[in-house]
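Taken verbatim from TrEMBL:
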- 6-140: domain 'EamA' (DOMAIN)
- 151-275: domain 'EamA' (DOMAIN)
- 7-25: transmembrane segment (TRANSMEM)
- 37-55: transmembrane segment (TRANSMEM)
- 76-95: transmembrane segment (TRANSMEM)
- 101-118: transmembrane segment (TRANSMEM)
- 125-143: transmembrane segment (TRANSMEM)
- 149-167: transmembrane segment (TRANSMEM)
- 179-198: transmembrane segment (TRANSMEM)
- 210-230: transmembrane segment (TRANSMEM)
- 242-258: transmembrane segment (TRANSMEM)
- 264-282: transmembrane segment (TRANSMEM)
Amino acid sequence: MTDNLRGALWMMLAMLGFGVEDAFFKAATATGGISPGMGTVQFGLTAMLIYAAYARHKGVPLWDAAYLQKGLLIRTGFEICGRLFFALALAYTPLSTTSAILQAAPLVVMLAAGLILGETIGPRRWAAMAVGFLGVLLIIRPSPSGIEANAILALLGMIGFAGRDVATRTAPMHIHSAQLGVLGFGVVTFAGLVIMAFEPAVFAPTLPAMGLILGTALCGVVGYTSLTAAMRTGEVSVIAPFRYSRLLVALILAYTVFGERPDTMTLAGAALIVGSGTYSLWRDGRARR
């Protein structure tokens with residue numbers, strides 16, 4: 001088995017983990033078994049404890065002074081934004097819509113890399129980005145009366161995750177993956193506390209909902225670990241397009257579990273986002289050779 005094939009399989013496993021994670025979280029919160037804030041706190045704490053145990057096993061300290069460096073502080077701020085709004089989007093927006101909008105994150109990363117980090121982007125990739133953002137507009141469908149509030153939640157979450165990915169490029173390279181896991185899911189916990197502060201009432205979660213959140217955390221750890229393995233195996237330009245398999249997982253789960261029937265505009269928008277993103281990654285790979 002080649003490194004590229006292994007990397008692609010790791011990436012698909014990661015996207016399967018993240019897709020099921022989203023479905024578990026939505027199932028737990030959409031039914032009222034647990035509030036979005038409390039669910040996010042339980043999710044973050046559980047995954048953080050798993051990574052803390054992993055860090056201890058590897059002999060890696062949980063705290064590193066680099067956490068306070070500018071790059072990681074900016075990354076943490078964007079992570080809070082992404083986790084906060086994405087959790088609310090999962091709870092209140094159709095899974096298919098939320099997942100489709102999330103797929104635009106790599107395009108936003110590429111846009112920021114060109115405008116902020118000074119990376120060279122050719123006219124074809126600029127055109128591909130424009131097509132991808134057109135796909136986002138097809139999904140959220142702005143009108144003279146405004147944009148549907150729940151779609152804005154998914155859009156803000158996507159921008160937060162994209163900002164996190166851009167900031168990661170400037171973060172210290174010596175940080176161990178276990179430390180990033182502890183830090184990242186600690187941020188998830190904080191985002192949940194912020195959501196809870198604005199929730200109208202606190203109520204005891206049901207046992208089934210808590211079980212679903214436990215599944216959310218386990219799938220999140222599988223996804224994060226597999227994604228790390230994928231990015232360290234093979235060529236990134238070959239492996240990265242398999243990131244879009246997450247949308248396929250989401251659409252299948254949205255249809256079979258939640259009974260969602262995405263309309264033609266949503267599917268067309270998703271196709272434009274995935275197509276433009278895949279093309280952009282392919283062009284980026286050619287440019288680096």
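Placement of Cβ uses the backbone N, Cα and C atoms for every residue, glycine included.
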- Same chain, outside the transmembrane segment (125-143) by at least 6, Cβ under 8 Å from its Cβ: which residues? 97, 100-101, 104, 107, 110-111, 114, 151-152, 155, 265-266, 268-273, 275-277, 279-280, 283-284
- Item | Contact between the transmembrane segment (179-198) and the transmembrane segment (264-282) (3 or more Cβ pairs under 8 Å, separation 6+) | no
- Do the transmembrane segment (149-167) and the transmembrane segment (242-258) share at least 3 Cβ pairs under 8 Å, sequence separation 6 or more? no
- Task: Spell out yes or no: are there three or more C-beta pairs under 8 angstroms between the transmembrane segment (76-95) and the transmembrane segment (7-25), with each pair 6 or more apart in sequence?
- Result: yes
- Is the transmembrane segment (242-258) close to the transmembrane segment (37-55), in the sense of at least 3 CB pairs under 8 angstroms with a sequence gap of 6 or more? no
- Item | Other parts of the chain folded back onto the transmembrane segment (7-25), taken as Cβ under 8 Å at six or more residues beyond its ends | 39, 43, 87, 90-91, 95, 98-99, 212-213, 215-216, 219-227, 229-231, 233-235, 238-240, 242-246, 249-250, 253-254, 257-258
- Message: Which residues of the chain, 6 or more past the ends of the transmembrane segment (210-230), have a CB below 8 A from one of its CBs?
- Response: 7-8, 10-11, 13-18, 20-21, 24-25, 27-28, 33-34, 39, 42-43, 46-47, 50-51, 177, 181, 184-185, 239, 242
- Using DSSP, break the domain 'EamA' (6-140) down into helix, strand and coil residues and give each count. 112 helix, 0 strand, 23 coil
